[in-house]
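Now, the feature entries from Swiss-Prot:
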BINDING   Thr62, Asp80, Asp122, Gly123, Ser139  S-adenosyl-L-methionine binding site
Amino acid sequence: MSRAGLDKKPDQVAAMFDQVARRYDVTNAVLSAGLDRTWRTATARALALAPGLRVLDVAAGTATSSRAFAAAGADVVACDFSLGMLAQARRRLADAAARAGAGAGTGGAGTGGGRVLLAAGDGLRLPFADGSFDRVTISFGLRNVAEGDVCLAELLRVTRPGGVLAVCEFSRPVWRPVRTAYMEYLMRALPAVARAVSSSPDSYVYLAESIRAWPGQAALAETIRAAGWTRVGWRNLSGGIVAVHRAVRPGGDD
């Protein structure tokens, strides 16, 4: 199995996620000790969802977060450049629709609230018109693109004035003893656990390396601000292991 390097070549990153797609959700739940659900909930709250809002979920993976957004009544486009992830998302949407007694349409499915549509796309060149969405979000994906500033500018472009951005990403624990223990976990325990539960454990070596190289909360906030977003702030989760950054596209009343 191959893994991506920290130069984050798009074809390598996409291939890596294709490899892990089948067991991606299970592996993440194990590696995060179940905290991934809490992080998804916090991201949904940051978006301030409401019925009828148009939401773009970039790096949506298996559309786990997208389905939660749709359950709040939003109409969601789940966008990813890994075709393996989108295939897994399609299966999960079809299963959810079958359980709900509703048929899944081509590329999308009802979720008991809004609707989820799947789209293949690169975060550096989003295939959507300017101002198409009320809310845009990327969870654990910004770290995997070669040019995060370009991705943030693209997210700004497709958001309407006054629309909201939420970025959920691994960050820096705020308490030094936790930070030390966490970095030790990343480099020693995480690869070992991944070997036991993942279909591509080498991919999680990349995960650990990319988290260690990722900037802290304040630096990411400045990058978001430099891309043109306003009212940038963040909320630490799990002591800063993860942070949700929230920002607004200027020009609206929100």
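Backbone N, Cα and C atoms are what each Cβ position is placed from, and that goes for glycine too.
Distribution of Swiss-Prot features across the structure.
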residue : record                               : DSSP class
Thr62   : S-adenosyl-L-methionine binding site : coil
Asp80   : S-adenosyl-L-methionine binding site : strand
Asp122  : S-adenosyl-L-methionine binding site : strand
Ser139  : S-adenosyl-L-methionine binding site : strand
| request: Taking the Cβ of Gly123 (S-adenosyl-L-methionine binding site) as the reference point, list residues of the same chain whose Cβ is under 8 angstroms away and which are at least six residues distant in sequence. | output: Val58, Ala59, Cys79, Phe81, Ile138, Gly141, Leu142, Val145, Cys151, Glu154, Leu155
| task | Restricting to the same chain and to sequence separations of six or more, state which residues have a Cβ under 8 Å from that of Asp122 (S-adenosyl-L-methionine binding site). | result | Pro10, Phe81
| task | Check each residue in the chain of Thr62 (S-adenosyl-L-methionine binding site) that is at least six apart in sequence and keep those whose C-beta is under 8 Å from its C-beta; list them in sequence order. | result | Ala21, Tyr24, Asp25, Met85, Gln88, Ala89, Arg92
| Do you know which of the binding-site residues Asp80, Ser139 has the most other C-beta atoms within 10 angstroms of its C-beta? | Asp80
